[in-house]
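Reviewing the structure listed below.
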Amino acid sequence: MTYHPKSDFLRVMQERGYLADCTDMQALDEAMSKGVVPAYIGYDATAASLHVGHLLNIMMLRWLQKTGHKPITLMGGGTTKVGDPSFRSEERPLLTPEKIDANIAGMKQVFARYLDYSDGATGALMLNNAEWLDSLNYLDFLRDIGRHFSVNRMLSFESVKSRLDREQSLSFLEFNYMILQAYDFLELFRRYGCRLQMGGSDQWGNIVNGIDLTRRVLEGEIFGLTSPLLTTSDGRKMGKSAGGAVWLSGEMLAPYDFWQFWRNTTDADVGRFLKLYTELPVEECDRLGALQGAEINGAKIRLANEVTTLLHGREAAEAAEATARAVFEQGGVGGALEVVEIAPATLGEGLSVTHFLVAAGLVTSGKEAKRLVAENGLRFNNEPVSDANAPVTAAMIGDELKVSIGRKKHKLVRLA
């Protein structure tokens, strides 16, 4: 029998499709109905920005704040030095402290678009677990914390078991990650009264570890809530495109390309993505998602505009839509297309189309460039390119050259 929560937050989670599992739905619902519940999600600083795969959990934090609770974004300045083994096929490379700090700075810019970090009962907090992990005494930690963990139980977690079943190495360093993440929850409860940890369903084992530890050490009533691991209707992992990660940083991915990612959503995913990634009413999401034929394209544009507005602002969303119309409907050039610069010295007397595409970073290899040309997938200023060895010169580029790769990827190349 489905439980129907009375608290606004859990009702939104259930209605919009954010909810996979909860350790004690009724008790959490009761707590959230009575007052402000601080809740956190942890983010290891393994990249210079977050990507679309993180966006579902960021939206959960946004809804948490909108429904009267306190979101905590926990930066893994400490745990990133160890690495999360969850469902990894191999050990992560270790990062320097300087690189970790730089990554955290990039991630902060993204969170500030979605959460209000001002003072107040529901003002968001941004914390770094290096605050308590960097100063730990190892022997004290083993005695006071390590004794509460069963290695047998930790080996049964699917994230660990899958590595061992493939006979792949799981280092002691990574194995300790689970204990450190559990300790985060204990410290957040002790220092900030945090009572809820959220995350993707692959984090269930880590979340339960933290709950068990906090109950044993501090006898705290705390909870865990997970979201589904999202894939598209055709089975692709959310957050990836043919060109790689879909970054949430405007410096790593142009707002136009971000907008275009959402515009290219598969028909079957439109309604679901509107519920998860926008704040439109559920009824409107259902109506738009049910459209068919040519009408579904309007729903995709609405999705792209709403998601891009949340991250980059209304002006960027409108510019992206205008550029898309110019590029696709009129065959022109829009102002929001990403600009790629190439030095005249690189071109010399002229580069072949193949070498030009690689030098400009438009493809990853000469083989890919030749395949594009062979499959009629390359156009310069809307004209098909049929010879992969034809020269590209500075004079040919002129003020700018519009390069179209396939039907959906367009760049402007200018001389540096």
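Here the Cβ of each residue, glycine as well, is placed from N, Cα and C on the backbone.
According to Swiss-Prot:
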BINDING   Y40, Y177, Q181  L-tyrosine binding site
BINDING   K240  ATP binding site
DOMAIN    351-416  domain 'S4 RNA-binding'
MOTIF     45-54  motif ''HIGH' region'
MOTIF     237-241  motif ''KMSKS' region'
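Tertiary proximity for the motif ''HIGH' region' (45-54) is limited to same-chain residues at least six positions away from its ends with a CB under 8 Å from its CB atoms, namely 75-77, 80, 83, 92, 95, 100-104, 106-107, 110, 230, 237-240, 245-249, 251-252, 261.
A mean pLDDT of 92 is what the model gives for the motif ''HIGH' region' (45-54). Neighbour density around each Cβ, counted as other Cβ atoms within 10 Å, peaks among the binding-site residues Y40, Y177, Q181 at Q181. For the domain 'S4 RNA-binding' (351-416), the number of residues in each DSSP class (helix H, G, I; strand E, B; coil) is 20 helix, 21 strand, 25 coil.
Among the residues the record lists as binding L-tyrosine, namely Y40, Y177, Q181, the two farthest apart have Cα atoms separated by 18 Å.
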